[in-house]
């Protein structure tokens with residue numbers, strides 16, 4: 001794929017009508033920089049993980065956690081307390097070692113190509129907030145999961161799976177209402193033509209829409225997106241302000257004397273037009289609602305939970321194997337949290353790769369089906385132009401090696417999606 005980025009320097013003939021040479025070159029250089037970063041960060045991650053295993057980093061951190069919890073008055077019998085200290089230290093280590101890579105990605109690569117909208121102060125405040133919120137969720141959930149495994153008896157894997165199912169459904173339900181607003185500002189889409197058109201389209205396919213929000217994502221990045229969430233009769237749609245031509249900060253002149261948040265998230269716009277027209281936004285939403293109407297969301301949840309149950313079942317089979325713990329430096333104890341980490345992170349690694357590939361293939365099939373649904377709504381022409389605009393705004397490179405594309409792309413390549421829409425567009 002890197003060879004494709006390096007050698008494809010001119011717009012291919014089939015792309016001549018949809019992409020100018022300047023945008024093509026910008027996207028090529030952006031993806032080449034991302035590819036280089038991905039290689040070196042991935043290599044570092046592999047070396048770091050290997051050194052931790054070879055040098056006994058995991059048992060060392062477990063002993064350190066025991067010493068810390070012991071000083072707080074919790075002896076070895078308080079395994080769950082020691083596990084939470086271990087988890088806190090491990091995630092803190094991961095956050096610190098990953099920080100330079102995150103800084104480079106945000107303030108070098110994303111900045112260089114015009115996507116970053118953050119200041120250094122905003123970045124660190126955001127990172128600290130994410131870490132705190134993550135710990136507030138991760139530590140209580142992990143403690144309850146470990147407790148269920150401890151008291152669950154022979155069928156603990158069933159109870160553990162049911163617990164994780166409930167937690168995942170609760171998190172999906174509360175995320176956009178209570179967690180996401182901690183990081184970004186959500187405002188109701190004002191009354192007007194776009195909102196009316198969205199409500200009419202939702203009603204035409206019996207989508208139980210209750211609210212439409214615009215999220216001010218332009219404070220951190222100029223990438224755009226849209227999604228819906230909620231269960232049963234309480235669905236909400238969220239539009240990134242960068243998706244909407246009328247709302248994108250990149251299309252507006254900064255007001256004189258702006259202060260407050262705008263000082264923290266200084267405008268780094270480069271006078272480029274961004275976003276989609278109302279008709280194109282509706283087409284994008286038609287695609288997203290197609291995922292709901294065709295049951296893709298439910299199917300993904302079912303697949304995810306079937307996989308989760310299988311993993312917990314195999315964990316129950318393997319957790320009694322002392323050789324597994326000994327291989328990772330645990331000769332005298334077999335902590336449940338360490339067992340979870342060994343089995344889920346290492347033993348299941350080959351299986352997870354195969355599963356990931358199968359889900360990628362399924363995701364591409366779902367994307368084609370959602371495009372076809374939008375086409376049936378009469379949105380083929382607008383979706384066609386929206387996909388081109390979004391590809392341009394996000395500097396997506398439309399040429400890819402077929403093996404790389406098959407393995408990595410959860411969405412079909414742009415040309416394949418446009419070709420599927422082309423006939424209906426012409427009609």
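One-based numbering along the chain as shown.
The backbone N, Cα and C atoms fix where each Cβ goes, and this holds for glycine too.
Here is what TrEMBL says about this protein:
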- 1-185: domain 'CAAX prenyl protease 1 N-terminal' (DOMAIN)
- 37-60: transmembrane segment (TRANSMEM)
- 80-104: transmembrane segment (TRANSMEM)
- 131-149: transmembrane segment (TRANSMEM)
- 155-176: transmembrane segment (TRANSMEM)
- 188-423: domain 'Peptidase M48' (DOMAIN)
- 254-273: region 'Disordered' (REGION)
- 288: active site (ACT_SITE)
- 309-331: transmembrane segment (TRANSMEM)
- 337-362: transmembrane segment (TRANSMEM)
- 371: active site, proton donor (ACT_SITE)
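The stretch in closest packing with the transmembrane segment (155-176), judged by the count of Cβ pairs under 8 Å and taken from 37-60, 80-104, 131-149, 337-362, is 131-149. Shown are the active-site residues 288, 371; of these, the residue with the fewest other Cβ atoms within 10 Å is 288.
If one looks beyond the transmembrane segment (337-362) by at least 6 residues along the same chain, the residues whose Cβ comes under 8 Å of a Cβ in the stretch are 58, 62, 83, 86-87, 142, 146, 303, 307, 311, 314-315, 318-319, 324-325, 328, 330, 406-410. For the pair formed by residue 288 (active site) and the residue listed as 'active site, proton donor', distance between Cα atoms is given as 9 Å, rounded to the nearest Å.
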